[in-house]
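Enquirer: Questions regarding the structure given below will be posed in turn.
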Amino acid sequence: MIAQLSTVAPSANYPEFLEALRNSGFRGQISADYATRTVLATDNSIYQRLPQAAVFPLDADDVARVATLMGEPRFQQVKLTPRGGGTGTNGQSLTDGIVVDLSRHMNNILEINVEERWVRVQAGTVKDQLNAALKPHGLFFAPELSTSNRATVGGMINTDASGQGSCTYGKTRDHVLELHSVLLGGERLHSLPIDDAALEQACAAPGRVGEVYRMAREIQETQAELIETTFPKLNRCLTGYDLAHLRDEQGRFNLNSVLCGAEGSLGYVVEAKLNVLPIPKYAVLVNVRYTSFMDALRDANALMAHKPLSIETVDSKVLMLAMKDIVWHSVAEYFPADPERPTLGINLVEFCGDEPAEVNAKVQAFIQHLQSDTSVERLGHTLAEGAEAVTRVYTMRKRSVGLLGNVEGEVRPQPFVEDTAVPPEQLADYIADFRALLDGYGLAYGMFGHVDAGVLHVRPALDMKDPVQAALVKPISDAVAALTKRYGGLLWGEHGKGLRSEYVPEYFGELYPALQRLKGAFDPHNQLNPGKICTPLGSAEGLTPVDGVTLRGDLDRTIDERVWQDFPSAVHCNGNGACYNYDPNDAMCPSWKATRERQHSPKGRASLMREWLRLQGEANIDVLAAARNKVSWLKGLPARLRNNRARNQGQEDFSHEVYDAMAGCLACKSCAGQCPIKVNVPDFRSRFLELYHGRYQRPLRDYLIGSLEFTIPYLAHAPGLYNAVMGSKWVSQLLADKVGMVDSPLISRFNFQATLTRCRVGMATVPALRELTPAQRERSIVLVQDAFTRYFETPLLSAFIDLAHRLGHRVFLAPYSANGKPLHVQGFLGAFAKAAIRNATQLKALADCGVPLVGLDPAMTLVYRQEYQKVPGLEGCPKVLLPQEWLMDVLPEQAPAAPGSFRLMAHCTEKTNVPASTRQWEQVFARLGLKLVTEATGCCGMSGTYGHEARNQETSRTIFEQSWATKLDKDGEPLATGYSCRSQVKRMTERKMRHPLEVVLQYAQR
């Protein structure tokens, strides 16, 4: 049995601060629970710092309430750090104080001025969210990031983020027109470029605002020569406290130059007015392939002479990982493989403009250069033409940061020297020395980045659980800092300083005290994100050294090796945050999108699972043994009931917090398919539930869900009685109140036997299949039944049989056998294993007869390919085809059918775990002369039985309204492949959606 787990309480003074904040009128959430703190202890870096608490302001007034309290003498020891998307690679948002998360509520687009091309947004607005709102106006916010679907504008400002296209579009700072910030003590600062008269007024202002203006002006006037010689002339100039740009090109004084990139160490940016640009109307991406990565780098200078928008580079390691990723099927055509001459580097060279003729002329001139120049060895090039094609390739490039974390084994590329910048003309030589440095340590590495800007993301591969390898972080950081300085570059070229700030004093030299004085004017007691960039002059506290912070690996290594090897997807989550994608029309992750609570995301759940495993180990519990050595249900009942009573009486147990996070998971498996690291939450969720309910008694609801597949065949003998009982108001109310189940489906009252007779359907038995001749086997299939389409949607099962019959195939019906998916979802893993072994044995015997197996519902069918393969003792399971996979082999081309357009709204599990599936449906329809377009959708909110659980009603509806509800009434009939999706639409709208099979049956010729 697992242990009851106590947790670390917040340190002294923090509970008092939080109580004072509650009493101040703060309207957002205040969370000091261990789950929230654990999830916010990591970002996309190698570090882990447990905060004391987290606060989620509702608006700028809430931020001011926090800052006002901070200014009181009694709370001078309280530290605060802002957090946006949590995508930083250097620990910028990590703290052992309080996290101020601006992303949950302060994420509104306040104003769009199309004529003057500017927007006003709150700090928590996600970059892609902003660009989606701007797109109808033909505008966009320019700085392009690989994390743009979860990075917030506030985070971009705080790190002065840049990325692809920065040589053309500049950095975030170049697009900031005005900022609204809250300073320590609660004062508001409205900063924008001002002339000297306005500067005099600002310096004369009372309080902290006047103080910071006076200090900034003094530094700018007295240190001008030192500033000029210290700040490098690079596209990626120094971020944070950028004294070199306190005066802009028009001579105006702009305090935003020091606020951009300050990482929240000077104040809290709550709102920004931003410059936006017209979207280029036409784009072409030239994808150039090389025989070596160094050739790709050395070629960059010559390519830049053609003035492209940008040049992005990717090495072979990243390219090989991309080939195994969900995204590859959409871009493979642009990177043809040649086994004799493998591609070891690529440059993605973009040209864009408003006139296709002008863009194409530039592209042709560029191609002529490629064909005539022999200075490097190129393998060839391809063109991605138009916005849609260019976006597909860039999506692959954007996933590089996550893909590098998905190498096999424990030695994985780590971010700690990954954003160095040098003059572009020095890049190839610099990288040669960088590679020699890493080669000297015997390390592998992956590289990608912005060669036009002289920035390459380099991630040395280390097993951070190995203390010997983890100890290399400091000497490598020291060596790379020295190397960049030798080449006239920067250690911090793009991702901010964060916990690499110890190199700041050496770099700034005599100018560093000026930074300290500026910090002191904003934050005299070092309370705002302390230890980063600089400390106030005279402060006893220093900068946090690279090796002075707990590493994630330091804690991971305390987990028993057998345990972390058995839970790889939880341990290997690297925090890239792809699951924080804001887009409601992206499948991953529906519970995060609906709640905006980070523990309800794959990253959050992986963090909690990792910490739970660690704490169980500290309590001397072997979770693997606990899973193996389960006591009988009856024997363990008294202990479970005692533990339930203790839980209800308020006994602390971190397991309850983990359970709450796992219970919120829809088990849609989008994370297993979409996450670059392939974090599979449903897998370790089921294992956790099994262990948790070894200590705590399950609710009756779990048993009803788990047994559904086994009981429904018997209940189906009396469908009228079952439907009358389940459809009655008093039974529905009883189930909702006492069991926690709502909107239970009713059994189909359909004459299935008539279909079986009409289409001469036989039972699939080994003797029956062996009697078939080879020719007959080629024209036969075995239909594998699932509980949902068989008993709750029988007309669809009948439609498939009719379709197969029309196509000249005889259907054999596999004997009904419980698939086991509901058991797996609820954590009944012992019962699931028995069902899987029994079912797989039966299916293997049938498959050995040489007749293909086909299943209807994607979520149920894919269990045979995924969950079954992990069952101990199960020697494989034959592949059960999805309907479209089978139709691709048997459906002939025919004359165009009647005109009509259809839209496919695919099941989350299907489209994320079998990416080719939606394209296959499109091809099936094309063979009938029909047009089918795959609709971009998120989750429908049902996901099996999730939407039927009373505790999930509100979230289920929210998820449905975020995406599916907005798509149903567009032109073209919507079609859904998932039983649960069709059920949700019917429940929410009283509308019946068809399965694509029903349309194929309608139009397929006899």
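The backbone N, Cα and C atoms fix where each Cβ goes, and this holds for glycine too.
Quick paste of what Swiss-Prot says about this protein:
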type: BINDING; residues: ARG397, HIS495; note: (R)-2-hydroxyglutarate binding site
type: BINDING; residues: CYS665, CYS668, CYS671, CYS675; note: [4Fe-4S] cluster binding site
type: DOMAIN; residues: 47-279; note: domain 'FAD-binding PCMH-type'
type: DOMAIN; residues: 655-687; note: domain '4Fe-4S ferredoxin-type'
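Are these features on the surface or tucked inside, and what are their neighbours?
Expert: Its Cβ taken as reference, HIS495 ((R)-2-hydroxyglutarate binding site) is surrounded by 25 other Cβ atoms within 10 Å in the chains shown. Secondary structure at HIS495 ((R)-2-hydroxyglutarate binding site), taken from DSSP and collapsed to helix, strand or coil, is coil.
Here CYS665 ([4Fe-4S] cluster binding site) comes close to SER591, HIS600, ARG605, VAL681, PRO682, ARG685: these same-chain residues lie at least six apart in sequence, with C-beta atoms under 8 angstroms from its C-beta.
Looking at the domain 'FAD-binding PCMH-type' (47-279) alone, the prediction's average pLDDT is 95.
Outside the domain '4Fe-4S ferredoxin-type' (655-687), and at least 6 residues removed from its termini, the chain residues within Cβ reach (under 8 Å) are 2, 4-5, 33-35, 325-326, 399, 401-403, 405-406, 567, 569-570, 572-574, 576, 578-579, 586-591, 595, 599-600, 602-606, 608-609, 612, 627, 647, 695-696, 824-827, 829, 862, 866-867, 870, 908-909, 912-913, 915, 939, 941, 943-944, 946, 951-952, 955, 959.
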Enquirer: Residues near the [4Fe-4S] cluster site, CYS665, CYS668, CYS671, CYS675 excluded, by Cβ within 8 Å of the Cβ center?
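Expert: Output for this site, in sequence order: CYS579, MET588, CYS589, PRO602, LEU666, ALA667, LYS669, SER670, ALA672, GLN674, VAL679, ASN680, VAL681, PRO682.
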Enquirer: Can you name the residues of this chain that are 6 or more positions from CYS671 ([4Fe-4S] cluster binding site) yet have a C-beta less than 8 Å from its C-beta?
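Expert: Residues satisfying the criterion: CYS579, MET588, CYS589, PRO602, VAL679, ASN680, VAL681, PRO682.
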Enquirer: At the Cα level, what's the spacing in Å between CYS675 ([4Fe-4S] cluster binding site) and HIS495 ((R)-2-hydroxyglutarate binding site), rounded?
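Expert: Here the two Cα atoms are 22 Å apart.
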Enquirer: Across all protein chains in the structure, which of the binding-site residues CYS668, CYS675 has the highest Cβ count within 10 Å?
Expert: CYS668
Enquirer: Between ARG397 ((R)-2-hydroxyglutarate binding site) and CYS668 ([4Fe-4S] cluster binding site), find the distance joining the two CA atoms and give it rounded to the nearest Å.
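Expert: That separation, Cα to Cα, works out to 26 Å.
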Enquirer: Measuring Cα to Cα, tell me the gap between HIS495 ((R)-2-hydroxyglutarate binding site) and CYS668 ([4Fe-4S] cluster binding site) in whole angstrom.
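Expert: Cα-Cα distance, HIS495 ((R)-2-hydroxyglutarate binding site) to CYS668 ([4Fe-4S] cluster binding site): 33 Å.
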Enquirer: Within 10 Å of the Cβ of ARG397 ((R)-2-hydroxyglutarate binding site), how many other Cβ atoms can you find? Include all protein chains, please.
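Expert: There are 22 of them.
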Enquirer: Tell me, by DSSP, whether CYS671 ([4Fe-4S] cluster binding site) is helix, strand or coil?
Expert: helix
